[in-house]
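Annotated compositional bias 'Basic and acidic residues' per TrEMBL: 327-339, in sequence order. Sequence annotations record features per position, and here TrEMBL assigns compositional bias 'Pro residues' to 343-352. Here TrEMBL flags 15-49, 362-396 as domain 'LRRNT'. Annotated domain 'LRRCT' per TrEMBL: 292-340, 643-689, in sequence order. The region 'Disordered' annotation in TrEMBL covers 324-361, 692-729.
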Amino acid sequence: LLLLTAALGVMAATRCPAPCVCDNLRAHVLCLNGSLMAIPDTIPELTKKLDLRGNSFMVIPAGAFLATPYLTHLDLQRCKVERLEEGAFRGLGRLVYLNLASNGIALLYQESLDGLYSLQQLILEGNRIEEIQPGAFGHLGSLTVLDLRANALVYLPDMVFQGLQVLRWLRLSHNALHVLGSEAFAALPALRRLSLDHNELQALPGEALARLDGATRLDLGHNPITYVAEEALAMASLRHLFLDHASLQDVAPDAFARSPQLRVLDLRENQLQGLPPLAGAGGLARVSLDGNPLLCSCLLRPFHKWLARARVQAEGACAAPPALRGRSLDSLKPPEMRCGRLRPPPSPTTPPEEPRAAGSRQCPRGCVCSPDFHHGSCENRDLREIPRDFPGDTRLLDLRQNAFRTVPPDAFPGLKELVSLHLQSCSIRVLHPGALRGLESLVYLYLTDNHLSTLAAAAFEGAPQLAYLDLDRNAFTHVPAGAFRLLPNLISLHLQHNAIGELAEGDLAGARGIRWLYLAGNAIRHIAPAALAPTKMLEKLQLEGNHLSEVPTAALRGLPVLSELKLSRNPIKHMGHSVFLPVASSLQHLYLDNMGLEWISPHAFTGLGPKIKSLYLESNKMSNIPDMSNFTGLEILNLQDVPFHCNCQLLPLHRWINKLNLRVGATCGSPAEAQGLKVKLPTTFLTCPGWGRGEAGETNPNKTKAASKPIKKKRSGKSPARGFSKSRA
């Protein structure tokens, strides 16, 4: 009791940092949706739970939390974090929960998570992590859940999860994975559930999955897998396998013979006309085949007979012949399954070749080569020429912080298995034609912090698998037109913090597969109407910190899947009618903050509605905003530092904000007597016509005479918002 009293006394005696709220009794500190640019250094030492959601830290520096060693829970969602410095979380030996979701982290280094030896849950969902270096999780020996959903991963190297001895659930859904090292999951003895759905796997990664002896559930749905080969899956404990919504055309009879515990097989929404008897799957209890074009002819009789003999429940219905269309499988009788003149079933798609055996173990002088990780490193060796003679099975090559100046033709001979190449901060001015020739497996190329001002398409000759190209902080004054024609698999293009002045028609020619385009921090004043036309798969467009004076509406046409648009920190003062209409059917996240925006047309958001999940309007100069009553899916709305004129015309906005149950940060800028008051508070609106009835829950906005355009909030059975931005306040 004395110790508890003393602890509470210390908490109470410590001043709570503005703009935070401190609950001394429970040792909780909340600093939500503020404008903090750095971790407060006056947080009470005995704090156990620290919630910093919705701030703007950008970088978590080394030792950022040394002053709060008793933390058990730390929430850093939506804090615009782009980099975790090595040792950022040192001193947090008691932390069990860390949430870093919805930030901008692109790379995890080996020491980024050092010191978190008690951590049990790590949430990294919704970042833009493109690569994980082996050893990044090596200090997390207590971790049970690792969430890496919705990032930008294409490749998992061998031993990437080494050190996670007690991990039970690994979530890798909604990435772009299509290359897995054969030993990628080798260090996960306790794993029970693996989520690999919504990726780009074209074949079942059987060799990598065979290392998971204890896994009981595997999610592989929504991958373009066309064929499951003989004995493709050898997972001794697997009970639930999900291969739904793939592109399956055939399954070998003994595909699951080495997974004897399999009980549930989900094959919904594929292209299967039938299945053979599944030999060796003696424990199978249910097969789901709904949504497949099942041909219920005599060719399906062996499978139908096997179902009855093995007592397996099958879900699915016939698509042909016409006489049996719609009939469920369990209602069929063998004589009904006749054969007429039928085309033979398609031959199985040949699975991709397995990686070749490891090469020799040579290593250039002064460099370090790791045979376990297939890594080579010559970082910061003051080299003037790119070294050669790395082992032929090298998959990650780190040459950062040297002084190469140029990359000559055929600079990387014999590295056909190289996946990731790091050339950051190498003073490179020229990438010669043929420089990457022979790198037929290359997926990641980092050329950040160099002096490149132009690129020729021939520079990428021989690297057709390149998916991630990082050219941030170079000397480009324009996008190198046509440079990406030889990169059919390019997904992510970084050209941030260059000196690009415009985006012209033809600049992105050939870049048909780009999903994420990063152009922040340039000097772009104009985007030609057809500049983005080749990028029909574009999902994210980041244009913050440029010189745009208007929304590039014409350039947004022809982008049917654009879900995120960032226009923050552009000098857009006025926003006219229907400026987002071309992307209204797909847009989910819209950033319009820190623009000096003075006026928004009442019809600026025409077409936008329930799909919008987050809207950032903070730090602008307008005094009112358009009707957003149909934004029923909002999870985040930021209206901080907007000088609202709090008269009766703002009453509909006041009512709508209160119904949202979101922490929006809206305050009055005028009149003088209301300045600084929260728009949520009723004080300013007590004398407005219709006030009493509206607040009693019977508001009819059409009868609010003082409102220039009332906001009509649609009612639904769902909560108006969900997730981490809700507030009970």
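Cβ coordinates come from backbone N, Cα and C, glycine included.
Keep in mind it's a predicted model, so treat the numbers as computed, not measured.
Scored on C-beta pairs under 8 angstroms, the neighbour of the domain 'LRRNT' (15-49) with the top count among 292-340, 362-396, 643-689 is 643-689.
Broken down by DSSP into helix, strand and coil, the domain 'LRRNT' (15-49) contains 0 helix, 7 strand, 28 coil. Long-range contacts of the domain 'LRRNT' (362-396) within the same chain: residues 133-135, 157-159, 181, 356, 402-405, 407-408, 411-420, 422, 441, each at least 6 residues beyond the stretch ends and with a Cβ under 8 Å from a Cβ of the stretch. Taking H, G and I as helix, E and B as strand and the rest as coil, DSSP gives the compositional bias 'Basic and acidic residues' (327-339) the counts 6 helix, 1 strand, 6 coil. Here the domain 'LRRCT' (292-340) returns a mean pLDDT of 90 for the predicted model.
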